[in-house]
Amino acid sequence: MSRDRFRSRGGGGGGFHRRGGGGGRGGLHDFRSPPPGMGLNQNRGPMGPGPGGPKPPLPPPPPHQQQQQPPPQQPPPQQPPPHQQPPPHQPPHQQPPPPPQESKPVVPQGPGSAPGVSSAPPPAVSAPPANPPTTGAPPGPGPTPTPPPAVPSTAPGPPPPSTPSSGVSTTPPQTGGPPPPPAGGAGPGPKPGPGPGGPKGGKMPGGPKPGGGPGMGAPGGHPKPPHRGGGEPRGGRQHHAPYHQQHHQGPPPGGPGPRTEEKISDSEGFKANLSLLRRPGEKTYTQRCRLFVGNLPADITEDEFKRLFAKYGEPGEVFINKGKGFGFIKLESRALAEIAKAELDDTPMRGRQLRVRFATHAAALSVRNLSPYVSNELLEEAFSQFGPIERAVVIVDDRGRSTGKGIVEFASKPAARKAFERCSEGVFLLTTTPRPVIVEPLEQLDDEDGLPEKLAQKNPMYQKERETPPRFAQHGTFEYEYSQRWKSLDEMEKQQREQVEKNMKDAKDKLESEMEDAYHEHQANLLRQDLMRRQEELRRMEELHSQEMQKRKEMQLRQEEERRRREEEMMIRQREMEEQMRRQREESYSRMGYMDPRERDMRMGGGGTMNMGDPYGSGGQKFPPLGGGGGIGYEANPGVPPATMSGSMMGSDMRTERFGQGGAGPVGGQGPRGMGPGTPAGYGRGREEYEGPNKKPRF
């Protein structure tokens, strides 16, 4: 470590030479460059005392002399230090220091001064390890005054005010007896100083710069430069010593001052830290944090009462009864209340001894007959319906098993009263098992403070009972006989209690077994009821289904009926239409009877052909037609016998066949025109120029 630090900071002793110029001229500059010089001295400081402990104390008194004695005096003594270096105290750290010495011969001068005192270093090394690092720098200048160092070492402490700055605690021991050895150690300190003094040296270099670190005070009366002096040339040390003294003198007063002020402020403004004294999840300002303060002076004010507890945090509610001399105060946490109780109990106040106790919890309830599966959280959740709860605890035995009892503390009395009344009148169950909880007011006992002798009532009965000290009764005496009777009575009570407890336990077991059987039966009944209910629901569903099916069937029937009715209506319409058409046809046929004979003959077909164009039809007949019908037929002439009609028809047919209508036309035409017995003029179809009245077609 020392070698690495030395290389990184100064690159060897050359760094010191460059800054210090080899002599005293660079001393101040060396001090300005703490990293190289101080690093070496710090690491070597402790080692210096081991091998060359006698040198350190000398530097403080000769700071002025050191300035006068630059490098020339130290070179010769450098050789002796090597002999002192061999001591076993500095084996590890001594090795790194030699390279700096080689680089700069002036550095070993410190040991030169120490050779004379080298005999002292071993003893002194053990006692003042702290001094060597600090004084390691001064020893360089000290070599000239080596003989007087013991005395001057103490003297330099007072003259240089550096001692206070360096550190109040460290200075006195160093100045006492060990200062001379550190001086010797300071001589070798340049090389070995970094070893033992490294830790302090590191602190001290930082200390001098800021202005009075504790590490710098370690040297005591000696100047701070010794740290750096261990590795730096003597001349530089001489200049540094005074500079360090001046630098330390300024800061020392400031350093101790703030510390004392801080202590005073801490003692005055001390207040307990709630975050450290409160458990996780603990509620603040509860009834458990409420203190009873008795024996208060009659003239105490509320402000005084609050100031009494000011250091224990901000108080909650405060109540004082001046007439009876007591009061109540609520603090933030139970821990703060316990601290306040322990500190203020029996505290004198205006000639009275204060009595501080925890106030009884007026809103606390005791809960019994709890199931072993009830926890604190379940208990709090169950009773939180009655009001805000401060604490809910299930009491357990030494193995952590539930005792069936618990405590519930409410934040207010109305909530506790409501819970007590509701649970007493009704049945409050916490678990599946029908096991109701039993709630009672909590019986609060003081098992912490008890009854001290000072609070006992010194009445005549007390004096009488306390006349005889504690003792064991002698056999056969009056005391022994009646004491035995008391013991037998207590034994009988114990037996009866055990018997009652046994009977109660048997009764509880029996009740639990009955409850178990009844519970199973109850479950079976519930299952049966559930089954019946499901069956009923199924039956109802079937009925609903059947009703639905019936409705569907009815709807289908209605639809079918409507369809048939529509079909029938359609058939009826068709029939009506057909009937109407038939009637129309019949009407048309009936009207044909009133038609012109020619039309009827034309419609009749064959009957009309016989008379049409038959010139002989009328002439062949024996009797002319009565009504003048156009044709010869039985329909028009019912009076004509059928034989005649047939004969005439036959004759006409024959004529028609023999003489076509075309050829007989003129003959038949001439005959009837001039002949009376012929067919009337208006009926013969052979007369083409005639047009009958019904010439217009009907269809």
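Backbone N, Cα and C atoms are what each Cβ position is placed from, and that goes for glycine too.
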Report which of T146, T347, T679 appears in Swiss-Prot with the annotation phosphothreonine.
T679
Per Swiss-Prot, the candidate from R540, R575, R685 carrying the annotation omega-N-methylarginine:
R685
Which residue, chosen from R234, R564, is annotated omega-N-methylarginine in Swiss-Prot?
R234
Candidates K311, T360, S366, namely the modified residues, that fall within 10 Å of S488 (phosphoserine) by Cα distance:
none
So which of the modified residues is most packed in, judged by how many other Cβ atoms lie within 10 Å of its Cβ, out of T360, S366, S488?
S366
May I have the DSSP-based helix, strand and coil counts for the residues of the domain 'RRM 1' (289-361)?
22 helix, 22 strand, 29 coil
Hey, how far is K311 (N6-acetyllysine) from T360 (phosphothreonine), Cα to Cα, in Å?
24
At a 10 Å cut-off from the C-beta of K311 (N6-acetyllysine), count the other C-beta atoms across all protein chains.
15
Per DSSP, what is the helix/strand/coil residue tally across the domain 'RRM 2' (363-444)?
24 helix, 28 strand, 30 coil
Could you give the number of helix, strand and coil residues in the compositional bias 'Basic and acidic residues' (571-589) as assigned by DSSP?
19 helix, 0 strand, 0 coil
